[in-house]
Amino acid sequence: MLIWSLLFSFMTSCSMFKRLQEVEKLRAERNAVANKMKGKLEPSERQKLIEEGKNLKEELVTLEEDLLKLTDELQQEAQSIPNMTHPDVPLGGEDSSTVRKMVGKPAEFSFPVKDHVQLGKELDLFDFDAAAEVSGSKFYYLKNEAVLLEMGLVNWAVSEAMKRGFTPLTTPEIVRSSVVEKCGFQPRGTNTQVYSIENSDQCLIGTAEIPVGGIHMDSILSESSLPLKYVAFSHCFRTEAGAAGAATRGLYRVHQFSKVEMFILCRPDESDSYHEELIGIEEELFSSLGLHFKTLDMASEDLGAPAYRKFDVEAWMPGLGRYGEISSASNCTDYQSRRLGIRYRPESSSSLSSPKKGKNAAPTQFVHTLNATACAVPRMIVSLLENFQQEDGSVIIPEPLRPFMGGLQIIKPKHIQN
């Protein structure tokens, strides 16, 4: 796909260059005619030049329209070209991804393990049937303690990020299509994961990364303000085109969900270290909940357009009998900032000592952007229910979440509640 895109871009560039040469030639001829018109001319010769100028103008209009169309096509193709990749990124598809770390051990059970769908039904936590009637497939109602669990997870994740220096945000959940594109996502097309709003230039966000990335769009930041660290709560909306099957049932893959996202803007020389910091935060958070998980260095074909390097976190889900992705952390280098126009001005000694603003100022540079998921609520609910289920059908709440859930320690089946 990338090769065809590059080939199309090359052919379009050749056509643009040819059109540009033709436009420049006609403009030169038009200017020559205009200069002749300034001189002393016979009426017949003047009329001839007027006709020639008129014809040149019409030709120019047509060629300039063609050039504008080719420019737009080239811009669209350029937007689809992905970021460069880190030299240590494994080459190949998802199966080529390498394990960076294994944390904890799988939970052991002396009784038949239930998946989250069965647990949710028995504990009266979800209603998928009513949601399907109201909204369609892959939607859900959370009920009873599941509501407390969602709110507890969100508040816990935001609180933990704030302890580490992140500024909390809530974001718009409808953004312009152009911002979606500048962040490296495709808002339209048969395989898009983005919901577009009909008869508008707006979309529902699939991640808070998009509106947070846009908050400093078209701005020049001071070096002293970097890094900027944000933790954003939002609802996210995804079409999940092509997703089906038993492995995606229940809460595992849905159209709407709550998520807490970390986002960093930093100097280019610091992005690799902040990438390690982000995956370290994720590992600390999930370890504190007692989950068994592995972190992966994702292979080149599984990066997505903006990512220079991406680490995924996959937790063991006993009910599903496999690992499932619960988080990721990506270094997007300057891929998004170039499109969004986010720069910073280095504070060199010459610019600091200059008496005149702007004199000898260091040239601006693009910041690097990084993002990481602190908590994707549905996947976390799946992991917690399946890993901490008990033989009597109850589910233990991990200790770090209890202060954020009114002190609730265990979710009990209704028939054994006191």
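Each Cβ is built from the backbone N, Cα and C atoms, and glycine gets one as well.
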TrEMBL annotation of coiled coil - which of the ranges 46-80, 81-115 it falls on: 46-80
Matching residue for the L-serine site, where TrEMBL names Thr207, Arg238, Asn371 - out of Glu181, Glu261, Glu347, Glu399: Glu261
Number of Cβ atoms other than its own within 10 Å, given for Thr373 (site 'Important for serine binding'): 26
Cα-to-Cα gap, Ile326 (ATP binding site) vs Thr373 (site 'Important for serine binding'), nearest whole Å: 8
Binding-site residues (His255, Ser328), the one with most neighbouring Cβ atoms at 10 Å: Ser328
Taking residues Arg238, Thr239, Glu240, Val254, His255, Gln256, Phe257, Glu325, Ile326, Ser327, Ser328, which bind ATP in the record, the widest Cα spacing (Å, whole number): 19
